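Notes for the one structure printed next.
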Amino acid sequence: MLEKDIKKILFSQEDIVTKTKELGQQLTKDYAGKNPLLVCVLKGAVPFMAELIKHIDTHIEMDFMVVSSYGGGTVSSGEVKILKDVDTNIEGRDVIFIEDIIDTGRTLLYLRDMFKYRKASSVKIATLFDKPEGRVVDIEADYVCYDVPNEFIVGFGLDYDEKYRNLPYVGVLKEEIYNK
């Protein structure tokens, strides 16, 4: 039923799991013995985080944030709002933000700077998807599974108007769906 709204599939579930496993193995090496705090940016990063933690073979802790810069459309508003902050004291902690996609970069620049101000020992960014063409600020992820074209993609947590997050793959949404 949802497939009819997808122009083309970019990454299958198998593709995503394979890349996520590779990232988990890298994080295991990079953070062995360090107990990093993984901060999942809700809602979109939930499937990525759930898959990723299965492949990290060292102690971790998790926390969650709700951050908004879209408000329901397809274009970032430019204003970052913290709707739910972390519960964990991050002072002196190694923090890894787990994000579904980096587009403009505004949200993660804001979060990175905020956590540095809160005296995190280190702040890194792991994203399933990076859209470099959309960037409007100077920020890069430390860990990227895939670079994606400047198209509106959905699935595996990515949504349009809270829909399509449950697709097990990632595809390009047909323009007529969001240009109604």
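Including glycine, each Cβ sits where the backbone N, Cα and C put it.
In Swiss-Prot this protein carries:
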- D103: active site, proton acceptor (ACT_SITE)
- K43, G44, R165: diphosphate binding site (BINDING)
- E99, D100: Mg(2+) binding site (BINDING)
- K131, F152, I153, D159: GMP binding site (BINDING)
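Calculated from their C-alpha atoms, the gap between D100 (Mg(2+) binding site) and K43 (diphosphate binding site) amounts to 9 Å.
Listed binding-site residues: D100, D159. The one with the lowest count of other Cβ atoms within 10 Å of its Cβ is D159. Not a single one of the recorded positions E99, D103, K131, F152 has a C-alpha within 10 angstroms of the C-alpha of R165 (diphosphate binding site). Sorting the binding-site residues K43, K131, R165 by the number of other Cβ atoms within 10 Å puts K131 first. When secondary structure is read from DSSP and collapsed to three states, G44 (diphosphate binding site) falls in the coil class. D100 (Mg(2+) binding site) falls within a strand when secondary structure is assigned with DSSP. When the CA atoms are compared, the binding-site residues lying within 10 A of E99 (Mg(2+) binding site) are G44, out of the candidates G44, K131, F152, I153, D159. All protein chains shown were included, and the count of other CB atoms within 10 Å of the CB of D103 (active site, proton acceptor) stands at 23. Here the Cα atom of K43 (diphosphate binding site) is found 9 Å from that of D159 (GMP binding site).
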